[in-house]
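Visitor: A single structure is presented below for examination.
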Amino acid sequence: MSSLQRHFLRRVVQGVGRERKSRWSLITERKMANVVNDGGDSTEKIVNGAVGGGGGVEDVYGEDFATEEQFLTPWAVSIASGYNLMRDPRHNKGTAFTEKERDAHYLRGLLPPAIFTQELQEKRLMHNLRQFEVPLQRYMAMMDLQERNERLFYKLLIDNVEELLPVVYTPTVGEACQKYGSIFRRPQGLYISLKEKGKILEVLKNWPERNIQVIVVTDGERILGLGDLGCQGMGIPVGKLSLYTALGGIRPSACLPITIDVGTNNEKLLNDEFYIGLKQRRATGQEYAELLEEFMTAVKQNYGEKVLVQFEDFANHNAFDLLEKYTRSHLVFNDDIQGTASVVLAGLIAALKLVGGTLADHKFLFLGAGEAGTGIAELIALEISKQTKAPVEETRKKIWLVDSKGLIVSSRKESLQHFKKPWAHDHEPVKNLLDAVKAIKPTVLIGSSGAGKTFTKEVVEAMASFNEKPLILALSNPTSQSECTAEEAYTWSQGRAIFASGSPFDPVEYNGTLMVPGQANNAYIFPGFGLGLIMSGAIRVHDDLLLAASEALAVQVEDEHFEKGLIYPPFTNIRKISANIAAKVADKAYQLGLASRLPRPKDLVKHAESCMYSPLYRTYR
C-alpha cells in the first residue's frame with residue numbers, strides 16, 4: 001500500500017465521529033479505501049478522477065477493477081446522516097421528524113414537506129391495512145413496518161391490539177409460517193442449524209445486541225396445529241417477541257428470536273425450491289441432544305443466568321424432555337405446556353362465578369393428551385391441591401384425558417408415554433370422545449388436540465344434557481383446527497354454553513341475544529409473566545409462579561364481562577393486565593426466594609408499569 005493510500009485510509013478512520021463531511025469528500029475517501037483491492041494500480045486513476053464503471057456510474061467500491069475471480073472486501077464508512085437515520089428502524093420517524101430535527105440531522109429534501117404526528121401516521125396506516133382483504137397481506141405489511149419504523153409498529157399494535165393481534169399472531173402467523181420461504185425478505189432473528197454445531201457461541205455473538213433478556217426458540221417441528229414446518233417456524237418466535245414488547249413492555253432490543261434447524265420431515269418442504277432451511281431429514285437422538293445442550297450452554301455463557309429461554313412449538317417427545325432437563329439449571333418456560341395451562345386455569349377460575357362451586361366440585365375431560373392437554377391438567381390439579389390441601393395424586397382423579405386411542409385408563413398404562421401415565425385412572429376402556437363424555441359426564445370439556453371439528457353436534461348436545469351451563473374450551477390453533485366454532489357451541493347448547501377458544505371468533509347472535517366468545521390466548525399470560533421474571537431477577541420458574549399468574553388474570557374479569565358470557569378481560573386493557581400479572585409473579589418470586597433484584601420495590605404494579613417500553617417517538621437534538 002502506498003503512502004497516499006495510507007493517508008486517505010487514516011482520514012476515513014479519523015472522520016468517524018467528526019462533523020459530517022461533504023458528499024464529495026466521503027465518496028473520494030471511499031474510493032481511496034477500496035484501492036486495497038485493486039493491486040495498487042487504481043491510485044493514479046482515483047487522483048485523476050477517472051474511476052468509473054460502465055454507463056458513467058462511479059465505481060465507489062472498486063468492483064469494476066476486479067475480475068470475477070478476485071475477492072473483494074466490503075468496505076463501509078458509517079457517518080451519522082439523515083439518510084442513514086431514516087433507514088434505522090429504531091430511530092426512524094418518517095414524516096414525523098420536526099423542522100428542527102430535519103435541519104439538525106440533514107433530512108432536508110429527503111422527506112416531503114408535510115409533518116405528521118405519530119397519531120396521524122397511525123391513522124393512515126390503519127386505513128391502509130384495512131384495505132387488504134387477505135390477512136397474509138396485512139401480516140406482510142406489518143412486518144414491513146416493523147423493519148422500517150419500530151416505534152410506529154408497536155404504537156399501532158398497542159393501540160389496535162384486538163384488531164391486529166390476529167394479524168401478527170394466530171391465526172395469520174400460521175399461514176405466514178407455511179409460506180415463509182416465499183415471503184421471506186430479510187432475517188429477523190438467529191438461525192442456528194446443524195452446520196453451526198461446535199460454534200454456537202460464536203453465532204450468538206454475531207447478534208448485534210448484548211443485553212438480551214428474553215429468547216424465544218423453536219425447532220419448528222410442531223407449529224401450532226400445522227405440524228412440521230422446519231426452519232419456516234421462525235414466524236412463531238418473531239411473533240411471540242413482538243407481543244412480549246407490545247403487551248408486556250419488554251424492550252425490542254432485549255428480545256431475540258431463534259430457530260434451531262435440525263432438518264424437517266415435511267416432504268413438501270424438502271421438495272420446495274424456495275424452502276429456506278436444511279433440506280434433510282430431522283436429526284434425532286444424540287445428535288439432536290448434543291446440539292440443544294451446546295445451545296443452552298452457550299446462551300447462559302453469553303447472556304448470563306437470568307436470561308429467559310421460552311421453548312415454543314417443539315414436538316411432544318422433545319418439549320417435555322427439554323423442560324424437565326433444563327428447568328433446574330436455566331430460567332426456562334414452555335409456553336405450550338405452562339403458558340397455555342396458566343391462561344386456561346385463569347379462565348376456569350373466572351368461570352366459577354358463572355357456573356358456581358369450586359374447582360374441586362367440577363369434573364374435567366380433555367380431548368388431546370399432548371403438551372397443552374397434560375400441562376393444563378397438571379396445573380388444574382395443582383390449584384385444586386392448593387385449595388383443598390389434598391395430595392396432587394388425589395386431585396388428578398378429577399381430570400380425564402382422551403387421546404387418539406380413546407380414554408386414558410389404567411389398563412393402557414404400560415403402553416403410554418411417560419407424561420400420560422399420571423392420567424391413567426381406573427375405568428373400562430372407551431374408544432371415542434362421545435362415549436367418554438357420556439361415561440364421565442364432565443362439567444368442563446377442553447380441546448387441545450389440534451384436530452378441527454372434533455366437538456361434534458352430538459358431543460356438545462351431550463354436554464348440554466347434563467349441565468345447565470356447559471363450559472366448552474376449543475383451544476386448538478389456528479382457527480381451521482379449532483374443535484368447534486363459537487356459533488356451533490352456542491347453537492348446539494341452546495345458547496347455554498360458556499365458550500372460549502384459542503383463536504378469535506366473532507360474536508354470535510342467538511335468539512336475539514349477542515353472545516361474545518372469549519379467547520383463551522396465551523398472550524394474556526406470557527408477556528406479563530416474562531416481565532415479572534425479569535423485573536424480579538428470578539433465576540428459576542416455579543409452578544407457584546404460574547398459579548400466581550392465573551389468579552392475577554382471573555381477578556381482572558369484571559361483572560360487565562361476565563354479563564356477556566366472557567371469562568377473560570378484553571385485550572384493550574392488556575398492558576394493565578400484564579402489569580398486574582407481572583406484579584403477582586414478582587411478588588411470589590420474592591416470597592419463594594427466587595428473586596435476585598434487591599431491594600424489593602414497594603409497589604410492584606407501579607414498578608412493572610415503569611419498566612415497560614414506550615413506543616412514543618423521542619425528540620432528537
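Glycine residues also receive a Cβ, built from the backbone N, Cα and C atoms like all the rest.
Keep in mind that TrEMBL annotations are predicted by a computer and have not been checked by a curator.
TrEMBL lists 146-327 with the feature domain 'Malic enzyme N-terminal'. Per TrEMBL, the feature active site, proton donor maps to Y169. According to TrEMBL, the (S)-malate binding site annotation covers R222, N477, N521. Per TrEMBL, active site, proton acceptor is recorded for K240. Annotation comment: TrEMBL describes E312, D313, D336 as divalent metal cation binding site. Sequence annotations record features per position, and here TrEMBL assigns domain 'Malic enzyme NAD-binding' to 337-590.
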Visitor: For a quick check of understanding: given the listed (S)-malate-binding residues R222, N477, N521, what is the maximum Cα-Cα distance in angstrom, as an integer?
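Guide: 18 Å is the greatest Cα spacing among the residues binding (S)-malate.
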Visitor: Can you count the other CB atoms that lie within 10 A of the CB of N521 ((S)-malate binding site)?
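Guide: There are 26 such Cβ atoms around N521 ((S)-malate binding site).
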Visitor: Near Y169 (active site, proton donor) in space, meaning Cα within 10 angstroms, which of the recorded positions do we find among R222, K240, D313, D336?
Guide: K240
Visitor: Neighbourhood of the divalent metal cation site (E312, D313, D336): other residues with Cβ within 8 Å of the Cβ centroid, in order?
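Guide: My list of surrounding residues reads T218, R222, I223, I236, F311, F314, A319, N334, D335, E371.
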Visitor: Pop the Cα-Cα gap between N477 ((S)-malate binding site) and E312 (divalent metal cation binding site) into the table, whole Å please.
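Guide: The Cα atom of E312 (divalent metal cation binding site) is 14 Å away from the Cα atom of N477 ((S)-malate binding site).
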Visitor: When the Cα of D313 (divalent metal cation binding site) is compared with the Cα of each of the recorded positions R222, K240, N477, N521, which one is closest?
Guide: R222
Visitor: Rank the binding-site residues E312, D313, D336 by the number of other Cβ atoms within 10 Å of each Cβ, and give the residue at the low end.
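Guide: Comparing Cβ neighbour counts within 10 Å for the binding-site residues E312, D313, D336 gives D336.
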Visitor: Are there any residues at least 6 positions away along the chain from R222 ((S)-malate binding site) with a Cβ closer than 8 Å to its Cβ? List them or say none.
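Guide: Expected: D228, D313, F314, A315, N316, A319.
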Visitor: Cα distance, N521 ((S)-malate binding site) to K240 (active site, proton acceptor), nearest Å?
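Guide: Here the two Cα atoms are 12 Å apart.
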Visitor: Taking only the Cα atoms, work out how far N521 ((S)-malate binding site) lies from D336 (divalent metal cation binding site), in Å, as a whole number.
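Guide: Approximately 11 Å lies between the Cα of N521 ((S)-malate binding site) and that of D336 (divalent metal cation binding site).
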